[in-house]
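J.: Okay, handing you the structure first.
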């Protein structure tokens, strides 16, 4: 525990000389020993403040030994300590004294909790860059050796992350020792250590000389790729990318490819999954020749793998694989060696595989061109649009612009649009909802003329859907369409159809008219709102259904800021006053809310005063805030001065009074 240190130990004498300015520092230091975890954590996070107050010498001689001795603590405290020490070089006297930070970090790199060890290794890597080559060999390399030969696997796993940062600046003799230690860890008895070594193999290979890569790293890679633990083998696949980038084509073929072929057919699906996931990077690393001879056949096997997770990972890489193929002969390779397997995946039994393919397949159209897209890809797109899985259908719809650029809008409408219309009328409301959300995207791709011909009627039909969520989404959809196509289009095409619904026998549809007006008013502007929409809203104030009437009040409040003074004063206000006398409680409430908002709007329009200021006439009563509201805003309640102010304003007033 951090409280194990006695009162006479550590840097606790910081405030002992009677200097009051150091008292807060003394408190922080005392909190380092406190039994409360949160207090210790807070103090650790302010460690730099303590170090600044103590000075560089006392930080080195007192604070760091204290921290090293009291390293046994809660994991969150140790994590904060490991993070703080990484930025401590300037607080111990600069790079010449950076080695003083190594003992506590070495202890932290051996603890059981993984996140603490990882953070300690990260800080050690950061500090290693601040060591001179001499100090590195004198202090840092011995630390790495101690960790690499530690009794517990925790220290050996931490050592794996430190070889690559100290190797480049070490002497040749020390480099040989470092390589030897890394070889030992790659064949360690503990799987966790071999996993750590495999995860750092590629990073270590990048800093080694080419001869050492061939003679030492490649054999290590081969051994790790055939390890008995699949968790080690899959990490070796990741290292393969870095190793392949360093070798020539001849060396790759002879040294790496046999192992990579073996990994692509590994008995563990996790290893095959890693090959599929890293396929694009492997393809770039090995070059076009090996890709055609070895990787394409391997990719075909991954696309028809017995495990769905592997097929899904490979399907995700289809587009990248095709893009990275050499331009010469690319089309032929895709058509003959990739497309047949893609056709099988379109009807795969697993929805995740089909969804992964749907997210990338549209991109092939730009690679294969118009004729191949129409002949070979369009039937696949159509099949996926009719798939029972909504995610598959949506992935196709969201990428329609790729196909539109290649085959043109007319061809697209004849082939894919009927399927989209079918989805828009799907029995499942969630499917319809998803199509609505993609409608603005489709509208932008198809253009206004085509949209009016094919999809406008769909958008209007959604407004009278029996599910509220669909009606709400359709209302928001109209607003987005108006922003895309402009107010003139709205005035001629949308607004008349919306206003007709105001006389619909179903009160839900009449309410939808009000919701549409709320959404469209801002996009359409003052003229259309005043001349076309406002008369309908005012007429609906006499509706027999109370729900419609109080939504009229809410609509008038919503469109009020768009209307001019005359419309508000002569048309809106009388109707709201009438609704304020309604027999229904909710109608009265929303009418009074709207009246208050309209009155405020009128004051802003009529008064030259700045926003937020109350206009005051000469000789006006200074205590006017104590009175009820004036005409048009009478709430029937007494409104005291202090209730008009925010909580912070009242608190400030109270403090000033004290």
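Here the Cβ of each residue, glycine as well, is placed from N, Cα and C on the backbone.
All annotation found in TrEMBL is predicted automatically rather than curated by experts.
Straight out of TrEMBL:
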type	residues	note
DOMAIN	99-282	domain 'Phosphatase 2A Regulatory Subunit A helical'
REGION	605-642	region 'Disordered'
REPEAT	24-62	repeat 'HEAT'
REPEAT	101-139	repeat 'HEAT'
REPEAT	178-216	repeat 'HEAT'
REPEAT	217-255	repeat 'HEAT'
REPEAT	256-294	repeat 'HEAT'
REPEAT	295-332	repeat 'HEAT'
REPEAT	338-376	repeat 'HEAT'
REPEAT	377-415	repeat 'HEAT'
REPEAT	416-454	repeat 'HEAT'
REPEAT	494-532	repeat 'HEAT'
REPEAT	533-571	repeat 'HEAT'
REPEAT	572-610	repeat 'HEAT'
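Surface or core, plus neighbours and distances: that's what I need for these features.
T.: The predicted model assigns the repeat 'HEAT' (101-139) a mean pLDDT of 87.
For the repeat 'HEAT' (178-216), the residues of the chain that approach it from at least six positions outside its boundaries are 141, 144-145, 148-149, 153, 156-161, 163-164, 166-168, 170, 223-224, 227, 229, 231-232, 235-236, 238-243, 246-247, 251, 255, judged by C-beta separation under 8 angstroms.
Broken down by DSSP into helix, strand and coil, the repeat 'HEAT' (217-255) contains 33 helix, 0 strand, 6 coil.
Residues of the same chain lying 6 or more positions beyond the ends of the repeat 'HEAT' (256-294) and with a Cβ under 8 Å from any Cβ of it are 218, 221-222, 225-226, 230-231, 233-238, 240-241, 243-245, 247, 249, 301-302, 305-307, 309-310, 313-314, 317, 320-321, 324-326, 333.
For the repeat 'HEAT' (295-332), same-chain residues at least 6 beyond its ends with a Cβ under 8 Å from one of its own Cβ atoms are 260-261, 264-265, 269, 272-273, 275-277, 279-280, 282-284, 286, 288, 338, 341-342, 344-345, 348-350, 352-353, 355-357, 359-361, 363-364, 367-369, 372.
Beyond the repeat 'HEAT' (338-376), the same-chain residues lying 6 or more positions past its ends with a Cβ under 8 Å from any Cβ of the stretch are 296, 299-300, 303-304, 308-309, 311-313, 315-316, 318-323, 330-331, 383-384, 387, 389, 391-393, 395-396, 399-400, 402-403, 405-407, 411, 415.
Secondary structure of the repeat 'HEAT' (377-415) per DSSP, as helix, strand and coil residue counts: 32 helix, 0 strand, 7 coil.
Outside the repeat 'HEAT' (416-454), and at least 6 residues removed from its termini, the chain residues within Cβ reach (under 8 Å) are 378, 381-382, 385-386, 390, 393-394, 397-398, 400-401, 403-404, 409, 462, 465, 467, 469-470, 473-474, 477, 480-481, 484-485, 489, 493.
Panel annotation: around the repeat 'HEAT' (533-571), residues 495, 499, 502, 507, 510-511, 513-515, 517-518, 520-522, 524-526, 578-579, 582, 584, 586-587, 589-591, 593-594, 597-598, 601-602, 605-606 of the same chain, lying at least six beyond its termini, place a Cβ under 8 Å from a Cβ of the stretch.
Only residues 6 or more beyond the boundaries of the repeat 'HEAT' (572-610), in the same chain, are considered here, and those with a CB under 8 A from a CB of the stretch are 534, 538, 541, 546, 549-550, 552-554, 556-557, 560-561, 563-565, 629, 632-633, 635.
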J.: Which residues, given as numbers and ranges, are at least 6 beyond the ends of the repeat 'HEAT' (377-415) yet have a Cβ under 8 Å from it?
T.: 342-343, 346-347, 351, 354-355, 357-359, 361-366, 368-370, 422-423, 428, 430-431, 434-435, 438, 441-442, 445-447, 450, 454
J.: Can you work out which residues elsewhere in the same chain, 6+ from the ends of the repeat 'HEAT' (494-532), have a Cβ less than 8 Å from its Cβ atoms?
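T.: That would be 460, 463-464, 471-472, 475-476, 478-479, 481-483, 487, 539-540, 543, 545, 547-548, 551-552, 554-555, 558-559, 562-564, 567.
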J.: Could you give the residue numbers and ranges of same-chain residues that sit at least 6 residues beyond the repeat 'HEAT' (217-255) on either side and whose C-beta is under 8 angstroms from one of its C-beta atoms?
T.: 182-183, 186-187, 191, 194-195, 197-199, 201-206, 208, 210, 262-263, 266, 268, 270-271, 273-275, 278, 281-282, 285-287, 289-290
J.: At a C-beta cut-off of under 8 Å, are there same-chain residues at least 6 beyond the repeat 'HEAT' (101-139) that contact it? List them, or none.
T.: 64-65, 67-68, 71, 75, 78-79, 81-83, 85-89, 92, 95, 146-147, 150, 152, 154-155, 157-158, 161-162, 165-166, 169-171, 174
